[in-house]
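What TrEMBL says about this one:
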TRANSMEM  46-74  transmembrane segment
DOMAIN    66-291  domain 'G-protein coupled receptors family 1 profile'
TRANSMEM  86-106  transmembrane segment
TRANSMEM  126-146  transmembrane segment
TRANSMEM  167-187  transmembrane segment
TRANSMEM  207-228  transmembrane segment
TRANSMEM  240-263  transmembrane segment
TRANSMEM  275-294  transmembrane segment
Amino acid sequence: MRPPFVRSPWGSGRCCRDPHTLVFWGPENRTVCQIYDLPAVIIDSITLLICFLGITLLLCLFGLVGNGIVLWFLGFHIKRNIFTVYILNLAAADFGFLLCLPGFLITFNARHLFCFPLVGLNLINSFHLLSLLAYSTSLYLLTAISTERCVSVLFPIWHRCRRPKNLSAIVCALLWVLSSLLSGIVYSLCFVDGTENCWLTFLPMYGLNFLIFAPIMIVSSLILFIKLRHSSQRRQQEKLYIVILLTVLFFLIFAVPLSVQYFLDLIHYCHANELSYLLASINSSINPVIYFLVGSYRQHRFRGCLQIALRSIFEEKTDSREGGETSR
């Protein structure tokens, strides 16, 4: 079974008859690396590949800092309410993705780009599955956020009076469990048991992502956009609308390409490339920037800290009648 996301190393070596195999001679007479076609954008130079990886790793570092700050403020310094619970979990999912993606890129390229045999496939696959878990959870949480806000707009009385108090925490827990179960099935059947058609185990996850969660997220976001265009509500509510819409928009622009590449790789059409990883790292890193810019908007200056911006967006969320989910 070939490892996930295999792509071509490039370097010194003698080609065999198989154009997809390079033979690297070493102490053990030779070490064979099975490789696949590079994307056209980087096939001419290994330098460009390393640049993509370097930029991606820097973005991951930046995103880890930003999401870590969001986790710190929302977890310990800002009163909880319906939406901060979702945002807290979204920041945790993005943090997990940005933490696992560098591990996957480093271990994968150490083995398949430089033929470094000490990096095992189990380690590569573990980083891959953890990053996929965090990626899917981000999609599920964004869907929940946009749907929750859409329901609060379409059914305000029910949302204020009848909505279960701890629904946000319950939904977040269920989404984490769902993503973990799907990733666990993939890991068990594909990487542990070595099922011959292991790519089939990915289909339930991609079916949920593309056919259920993504359409719901898009439809609810369109409703929010229409509501924002005709909104006469106070500015603080507008900021929450804008944050949700921008977060969903950037997810569709930057994160969906990686998901499409994953799917095409499963059907052996092509292989996920470094540009997709770069875009996905931008998506997971950009949310703290969105919170800061939107929270600071119309304040005539951008001085202050992220905590003030987060308070401006989330702490009074909508109406005091909607209450907090958990408050301290």
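For all residues, glycine too, the Cβ spot is worked out from N, Cα and C.
Curation does not apply to TrEMBL; its annotations are automatic.
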Contact set, same chain, for the transmembrane segment (46-74): CB under 8 Å, 6 or more residues outside the stretch: 10-11, 38, 80, 84, 87-88, 91-92, 94-95, 98-99, 101-102, 105-106, 109, 113, 274-275, 277-278, 281-282, 284-289, 291, 306-307, 310, 314
Most Cβ pairs under 8 Å with the transmembrane segment (167-187), selected from 126-146, 207-228, 275-294: 126-146
Mean of pLDDT values spanning the domain 'G-protein coupled receptors family 1 profile' (66-291): 82
